Structure formats: C-alpha cells, structure tokens
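A.B. asks: Next up is a structure, given as structure tokens.
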Amino acid sequence: MRKFVFFVVAILIQIHTTTSQRNRSSSPSGFLDLQLEKCPQVLGCRCVRDSTRNIQCFSIDESKLLEIQKIYGSNIQRLELHNWQHDQLNFDIFAPFPQLEHIILRDGDLESLNGTVIHPTLKVLSIENSELTSSSEVCRLLSIFPKIQSLSLSKNYFEKFECDTSNTKLKILDLSQNRISHLEVPNTLRVLNVSRNRLTSFENISTKLTDLDISFNKLSLWPSFDDWKFPNLRSLSAIKLDLQTGFQLDAPLLNSLNIDGASLRYLNFHQILTPKLKKFSARYLTELRNIAGRLPSTVTDVAFTDTMLRTLPADFIPMSSTNHMQKVSFDFSTNQLLCDKCLLQWSLPVYAQTSIRKDCNLTREEIESASCKIGVVANDTGIQYGKYEKPTAISCFSYGVPSPKISWWRFRPAEKLGSYDPITDEISYTNVSETMKESYEIQSGGSLLIRSPNRSHVERYVCVVENEYGKDYGIYHFRLDYLDWYSYDVFNSVFWGGLATSLIVCLISFLLNITWILTRKSALWWIQRAERLSRVRKMVEAMEKYRVRQMESLHEKYTKRVQIVRDNYHQQVEALRVSYASQQEKFQNYKAAQVDAVHSHLDAMRDGYNNQLGRVREYGSKRAEQLWESYERQVNRMRTFSLQHRLKMMRQYKVKQRYVNKLLESLQATSPEVQLENEEKVRAALEIPDDLATIDGSMDTPSRLSRSSSFHSLPEYVIDEQGNVRPGIIPTNAPSIRFTTKPTTSSISNEASTSSPSSSGAHRSPDSPPEKR
C-alpha cells in the first residue's frame, strides 16, 4: 500500500513539473529575444568581430557606401571591400568617414584611381588583385594621404613604378606580382617587396631599407660593395636568383638571409658581411659546388639542401660553447659527400644533426681522432666535369692544421696558374703568364675556375698544398660534359638543337623548293599561255580573214548574179516594150472605120504583153529566190565551218569563249566611214535614192540599209498607153515573194492607175476618134 502511495505521489510531482515548464516556455520572452543586435545587417556586408568600426563588404558600389554610413555610422576605422563593381574609384566617396584608417580593396577590376579630398587619418591602403597600370595616379594619391604608412599594390599590371616623391610618410610598399622592369620609390621606405617582377638590376633601391624582398626576378648581376650597402637591413629574401657567382652583401644588422633556389655555383662567405646573421637558408641550390669562408658565430639556423657540395671548409661552422651548438639548427644534404675523416672535420659541431653516420658509417669519435696535419684527397674524387664554354670550378680537396697554402699547376704544359692563402684570404698570380690569366682564375677558398672550357682545357691539373708540416699534392682530371648536348631543353641542347635546326633547314629548303617549283610552273604556264594565246590570236585572225574574204566573195558573186538577172530582165522588158511600141505604131494610122478592130487587136496585144511580162517577172523572181537560197546555204556553211574550227581551237588550246569573243570584237570593229562606204556601194548597186523617206512620210537622214525585197526580187515595170515604161505592181496571180517591198507614194499611185484589161475595158488613145454608140 505504501509503495502504491509513493508511486502516485511521484506521478503527480512529475505532472506538475511538466506543466510548470510548459507555462514558462509559452511566455513571450521565451520565443523572442528583445535585446538589440550588436551589429546591424546591411546586404553584402558584415561586421568583423561584431565591431561596427571594422566592416567587410562584398560586391558593392558607391550607392552602398551611403547605406553603410546610415547603418553603421561615420566612425568606421577599417573598411574592407571585395569585388568593387566599377573600373574607377574616386577616394572622395570615403570623405563621410573621418576616422577611417584602413582601406582594403581586393579582387576588383579597378583600372583608374583619383581623388582630391584629403584623408588625414588614413594609414593603410591596400589594392590587391586588380588591373591598375598607372603609377602616376598612385603617386598623386599619396598627396591626399598625408599620414599613410603602408601601401600594398600586389597582383596588378604595373610595368614600371616611378614615384620618388619626398612629401610622404610611406614606410611599407608592396609591389609583388606585377610586371615591373623599372623602379623608383620614395627614400622614406623601410620595407619593400618587389618579388615576382621583371627587374634586371638593383637601381633606385634605397639603402635605408630594413626589409627587402627581391625574390623571383631576372637579376643577372649583383651589385658590388661600393654600390650596395645596407646599414639598416635586417631581412633579405632573394629566392630563385639567376646568379652563378658574385653574391656579396654588406649588411651589419642583417638577421635573416634567404637565397633558396638560386643558381649559385660558388658561395664566398668572405664577401657576405653579416656579423649578426641568425638565420641562413640556402635550400635547393642544385648548382652549388664550392663554399669559402665561415658562418658568423651568431647564426642559429642554417640550411644547405640538394646541393652538389662534396665537403665544407674545416672551420665553416665556428667552434663555440656546447650549449650554443645545441641551439643551432643545421640542415645539410648532398648526394656526393666525400667520406674522408679529415674532410669531415667541419661536421664535429653539428654531427648529431647530419646523416654522416648513415652515409659514411663514421662516428664522431673516429672523425675527431683522425690525424689531419696536411694532405690532398684526389684518388677518390674521380674525374671532374665541366660544361662546354660555361665557367667551371675544379675543387682541391685538401686539409691541414693550420690551413695549408694552395697552388695550382697545369700538368702539360707545366705552367703555374696561381695560388691562394686561406689564412690571409689572398690570391696570388706570381709567375703566371697572361695567357693563363685569361683562361684561369683562382677563387677564394682555393678552387680553380676555368673561365670558358673547351677542348684545349681538357688536361690534368695539379693541386699543391703546403704548411708547416710539409707539402702534398693531388692530380685532378678535367673533362668536358656533353650531357647538355642531349638535354630536353631544345635551345640549350646540341643534339635536339641540331635536330631542330636540321628540321628547320629542311623545312626552309622544302619551302624554297616548293616556292621555286611553283614559281617555275607559274612562269612556264604564263609563257605557254602567252604562246598559246598568241597562236590562238593568229589563228583567229587567219580564220576571220578567211571568213571575211569568203563572205565578200559570196556577196560579190551574189551581187553579180542578181545584176545579171536584173539586166536580163531589163533587156526582155525593153524588147517587149519595143515590140509592143512598133506594133502600136502600125495601128495608129488606121482610120475610124477600123477603130474597133484596132482596139480589139491592141487589147489582144496588151494581154499578150502582160502575159509575157508576168512570165518574165516570174522567171526573174524564181531565179532570185534560187540565188538567195544558194547564198544563204553558202553563208551558213561558212558560219558552220568557222564555228567548228573555233570550237576545235578552244578545246585544243584550252581558251575561254570570252577571250575569243574579245578577239573577234577587236577584229570586227570597223569605223563608221567604212560602213557608210559599203552602204553607198549597195545603194548604187540597187539604184536606191539617197532621199528615201521613212514609213510615216517624214523626210529624215538616210538610215542604214536593211534587208528588203530589192535584194531578192525584181522591180515591177509596165508600159502605159503612151508607150512609156513606168513602175507597176505585181499581179495577183504572181507567186509570193520572200520579202515584200515597203509601200511608197509612187507605188501606191501606180497601183491605182494599173488594172487588168478585162476589168477596165478598152483604153483609148488620145489621137483615136471617139467611139460610136
């Protein structure tokens, strides 16, 4: 029973607790936070660290700045803008923010900058990853920023930067990742970053700098001590320098030096005057072969990796207290290390940080206990190689305590090349010929430099070392390395370069041959074409002359035959007229009694005359038709002959119809005088008057002759009652003529006066007596 009571009480307590919690959560304060937001929201902007004085915006323009001023106020100190929406920026739009100290513009398309309003509080200006190209605009802006200290213009498109104004407090300038090849900066600078540009020299770089970054430039020459001293420089970054020798530096306060990835073959610490150097980085120096001098005693971090070094100077790492050596970070790696105990004396201070135990199987005690008074290691070094006509250094792997003096000799011919004293760091060329001085040079550290190796320098070289314990020597063999001739760099490989050159020569010769063949073919084709066209022109002229001659001959024959027919016709008509006139005269003297008989007889005579005249006319017309048809057949035959020969000539000589047409036009072109002369001849032959009227009866100038019936038919003639011959018309029973004559006034009158005897009745003579009814 008690258990049941306790169970019921527990259930009631749980129900009460749940109900009270629901009541609390259902209150308005449980759903709404009535406190004001610390940072108001503007579309595209946010507060950095919930501060209204540090605003970051994305993809905005000038209109959004007014909204920012209204929402966040005018007390903004840092404004960061990403993706500015215009290609121009006028800094006057920031005038409503009098406390603005930092302006950062990133990832925009800015091309132009301007402004006139002075911003007295601005200290930092950064315009990165834009498209600025004019340094003069930037230099003008410095005048409106009197307190500016830092300016960043990285990732733009400057090809030169010229701004050496003195009225500025600018201390930090970042010009990295541009295209700058010429540089002029203010003398007030203390930090300069010109990495990843196109600088080829160190002109106009201030020596008052404390930090300098000149990495990834095309520097081929390093300035000397006299031209380049940095009394205040503390950090220098010269990564990926395109230098092989000549690196030197005078910076007494330098703490950090970085020359990673440089092309240095030789490094002389006697010329690197950095007594306070703490960090030295020389990683990935794949061409480094020799080192001279020693590190400063203050160095704490050293790195030499991926080099071609075979040893280091015995005193390269300074011997100091054990505690100091434990703090030094030393990173050294090479694939050609000489495992000689005396040549490994340099590793004693940093033995624990090297891989000598692994690579050479030597302990520190073994190296330290070795007796190294004097000696030269030459037998284990092998042949030393150098590239053709590229400066190459031959190392003398010597040792001794104290450091021995090194002398170089050429084995054959036996000539002295020079000497080096490591204690005084002096190089001597005593008793050395001028020829040897031109070819060889003694470097600091005792290595022999061959200035421009060729086959004459392939020889044995003797390195003689000497100190208070005696003298020793070693012979080193030098050979030329032709591996570069087969490298994959086409422009630096003899093999691939020769192959590419041969291909280019073959290609050029091929193109020249093709050009010569095409030129020759074109010239021959042009000559053959000229000859062919000349032959065609001559043949066309000959054919045209032949055609014209034949056509003239046909025309003359046709004219003669028509003239013969016409003369025959006139003769017959004249004979009939004479016969008719003589018969008429016989009957004119008869008296009135015989008038009727005479008239009937005259009518019979007239009918006979007309019949004979019709037969003569019909014969002449048929003969003219035959002549015309024969003439047309001969003309068509001549045209067909000319056309066939023309087509044959076009196919044989491969000429176009257009060219032949031009030739024919030039040959057939005759002057108007010749045409008029021909028309006059035709008019004279056909007896056509010059004042021939037109169809409508108006008198105009004589037009050119056209084909008419006079060419193909005979003229009509009749004899009137008086016995005179006059033009007449063709009787209705006459056969049709090929071409009808044009009607004229005279022909119409003749047609009206001429009629058949049967229809008009008897024609009376004016002398005959009147007829009796």
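Counting starts with 1 at the first residue shown.
Keep in mind that glycine also has a Cβ here, set from the backbone N, Cα and C atoms.
Annotations per Swiss-Prot:
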TOPO_DOM  21-493  topological domain 'Extracellular'
REPEAT    52-73  repeat 'LRR 1'
REPEAT    74-96  repeat 'LRR 2'
REPEAT    97-120  repeat 'LRR 3'
REPEAT    122-144  repeat 'LRR 4'
REPEAT    145-167  repeat 'LRR 5'
REPEAT    168-191  repeat 'LRR 6'
REPEAT    206-230  repeat 'LRR 7'
REPEAT    233-251  repeat 'LRR 8'
REPEAT    252-275  repeat 'LRR 9'
REPEAT    296-319  repeat 'LRR 10'
DISULFID  CYS396-CYS463  disulfide bond
TRANSMEM  494-514  transmembrane segment
COMPBIAS  733-745  compositional bias 'Polar residues'
COMPBIAS  746-763  compositional bias 'Low complexity'
A.B. asks: Are the repeat 'LRR 5' (145-167) and the repeat 'LRR 3' (97-120) close enough to be called in contact, which here means at least 3 C-beta pairs under 8 A that are separated by 6 or more residues?
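C.D. replies: They do touch: at least three Cβ pairs between the two stretches lie under 8 Å.
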A.B. asks: At a C-beta cut-off of under 8 Å, are there same-chain residues at least 6 beyond the repeat 'LRR 4' (122-144) that contact it? List them, or none.
C.D. replies: 87, 91, 100-116, 150-163, 165, 167-168, 170, 174
A.B. asks: Ranking 74-96, 97-120, 206-230, 233-251, 296-319 by the number of C-beta pairs under 8 Å to the repeat 'LRR 6' (168-191), which range is first?
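C.D. replies: By Cβ pairs under 8 Å, 206-230 leads among 74-96, 97-120, 206-230, 233-251, 296-319.
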A.B. asks: Please compare the disulfide-bonded residues CYS396, CYS463 by how many other CB atoms fall within 10 Å of each one's CB, and tell me which has the fewest.
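C.D. replies: Counting other Cβ atoms within 10 Å of each of the disulfide-bonded residues CYS396, CYS463, the minimum falls on CYS463.
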A.B. asks: Quick check: in three-state DSSP terms, what is CYS396 (disulfide bond)?
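C.D. replies: SS state of CYS396 (disulfide bond) = coil.
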A.B. asks: If you average per-residue pLDDT over the repeat 'LRR 3' (97-120), what number do you get?
C.D. replies: 92
A.B. asks: Let me spell it out: take the repeat 'LRR 3' (97-120), skip the flanking residues so only those 6+ beyond its ends count, and list any with a Cβ under 8 Å from a Cβ in it.
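C.D. replies: Contacts with the repeat 'LRR 3' (97-120): 53, 69, 74-91, 126-134, 137-138, 140-141, 144-147.
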A.B. asks: Going along the chain, which residues at least six beyond the ends of the repeat 'LRR 10' (296-319) come within the CB cut-off of under 8 Å?
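C.D. replies: Residues 274-290, 327-338, 340, 343-350, 381, 395, 397, 399, 403, 445 contact the repeat 'LRR 10' (296-319) from elsewhere in the chain.
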A.B. asks: Give me the DSSP three-state residue breakdown of the repeat 'LRR 4' (122-144), ordered helix, strand, coil.
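C.D. replies: Result for the repeat 'LRR 4' (122-144), in helix, strand, coil order: 10 helix, 5 strand, 8 coil.
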